[in-house]
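If you check TrEMBL, you get these features:
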REGION    119-143  region 'Disordered'
COMPBIAS  119-133  compositional bias 'Gly residues'
DOMAIN    159-256  domain 'SRCR'
DISULFID  CYS246-CYS256  disulfide bond
DOMAIN    268-504  domain 'Peptidase S1'
Amino acid sequence: MAQHDAIDPPPPYYSVAVHTQPPPRPYEEVVYGTGGVPPLSQPYYIPQKPPPVAPPQVTQCSLPPPHSKRKLSCQKTTCCYGGSGAIALLLVLLAIAIWLGVHYGSALVKVAVISSGSGSGDGGGSGGGGGGSSQSRPSGATRDSCPNSTILCDAKQECQLGSDETVCVRFGLSGALQIRTSQDGRFLPVCSQGWDQTYADQTCAQLGFRRSYKTGSVHGQPFTALTVTRKSSDPIQGQVNVSTSCPGQQTVSLECVDCGKQQSTSRIIGGAVAKAGQWPWQVSLHYHDSHTCGGSLVSPDFVVTAAHCFPSSTPSALVASNWRVYGGDFSQANLPTPYFVEKIILNENYNSQTNDQDIALLKLKQPVNFSTTVQPVCLPGFDQTFQPGTKCWTTGFGTTEESADRGSNKLMEVAVDIIDIRVCNSSEVYSGSVSKNMVCAGNLEGGVDSCQGDSGGPLVCEGGNNRWYLAGVTSWGAGCGRRMRPGVYSNVGSLLPWVYSIMQQERP
């Protein structure tokens with residue numbers, strides 16, 4: 001969290017493992033390229049394992065920038081080959097590549113899944129299972145192969161990973177359930193008549209939740225809807241038929257988890273230490289014993305965070321067993337029992353140059369036990385928007401000012417306003433670098449912002465039902481709390497299909 005007096009000039013640009021960058025380019029130039037200029041700002045760093053200290057402190061030691069490349073000399077490394085042996089080796093590798101292309105050329109990349117290996121680790125506690133082996137290596141991208149005849153949402157898995165059946169359920173405001181079927185191709189509401197707890201539990205389990213929390217009905221006047229027809233082991237999209245109306249005009253509402261509830265409601269605008277239970281979904285992600293990024297619990301098994309927290313240039317950062325997740329009311333100087341990570345799932349469309357679709361999911365080895373200080377945040381409805389001017393909150397353990405070299409031991413909070421994307425894309429702010437998959441929030445006059453170490457943490461906004469929704473994931477920005485340089489967050493609303501698709505594919 002960063003807090004500066006609005007009348008003071010912004011501090012000199014220096015931040016943890018973030019190097020000075022040239023002014024931002026228009027988004028079109030960033031995407032299509034006109035000269036290979038580095039991106040605007042990259043608050044991306046993974047701390048190295050620090051030496052033992054007492055008491056424990058949040059360190060922000062940095063590895064080389066994610067995009068830096070080492071140049072190796074043949075005179076100083078054994079990794080250089082020459083002569084006919086090298087040519088023969090290249091020919092063999094080329095042949096293998098051609099063979100793989102012939103056999104798997106139709107595969108479509110769906111997710112980059114990096115998982116820990118089997119083996120034992122630090123030993124678990126009540127927080128969740130044993131850690132993976134320190135020798136675990138990241139797997140490659142998981143490819144989903146789909147035949148050309150694939151039909152979406154027909155309740156028949158035709159793609160190898162089932163991605164053809166993981167985009168068929170969504171929620172609107174007040175938990176209004178909508179399902180897409182192959183019969184119609186549109187998302188339609190479900191009539192309440194005939195719906196019961198069995199359907200509710202099965203639908204939530206299909207979406208990656210353990211069970212349903214609550215189901216009910218909402219009043220509507222759908223011209224076309226779905227009616228449940230029969231109970232079976234099929235996905236829910238295979239248990240409904242298209243109908244022209246609903247009896248009593250009642251359609252299904254469904255909540256898969258009790259979410260977005262605070263235990264403390266007093267807040268101080270402008271940056272302060274958060275009270276216990278204030279933001280119970282906030283977690284701290286530790287890489288090799290150091291706080292590196294934030295995250296948000298969205299279910300007992302999944303944490304939403306930023307993809308840039310796992311740079312491909314640092315292979316060990318892609319190994320799930322190198323990470324620990326801490327939640328609840330705690331200090332970085334006095335950590336509770338950790339939760340262990342089973343898989344790191346990065347958005348396959350994440351662009352490290354433009355920061356677009358900067359989102360990732362962590363699947364935990366064991367489900368989290370919820371308490372007054374550990375609770376999930378709500379995912380927004382597909383039709384839920386947070387208008388410019390909406391006051392939201394961002395939290396994290398990051399540095400409290402731009403020039404600081406270590407983060408906060410306590411969870412910090414700050415209020416920020418949603419800013420119109422057109423304003424953020426103006427030449428005075430980010431010159432077109434903010435895509436539709438991003439949210440701009442802060443104060444154009446400066447003074448309040450998320451900061452280094454807050455990456456991956458939540459931007460939450462309160463809904464009309466007194467629940468809090470995950471509107472954004474802290475992604476990037478220029479400095480901390482600078483004038484005309486608000487924070488930029490991944491837009492969770494626009495990335496919901498990916499989130500739900502991965503939760504279904506990785507459901508416990």
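From the backbone N, Cα and C atoms, a Cβ is placed for every residue, glycine too.
The least crowded of the disulfide-bonded residues CYS246, CYS256, judged by other CB atoms within 10 A of its own CB, is CYS246. Here the domain 'SRCR' (159-256) has, by DSSP, the following mix of helix, strand and coil residues: 22 helix, 33 strand, 43 coil. Each residue in the domain 'SRCR' (159-256) has a pLDDT score, and their mean in this model is 92.
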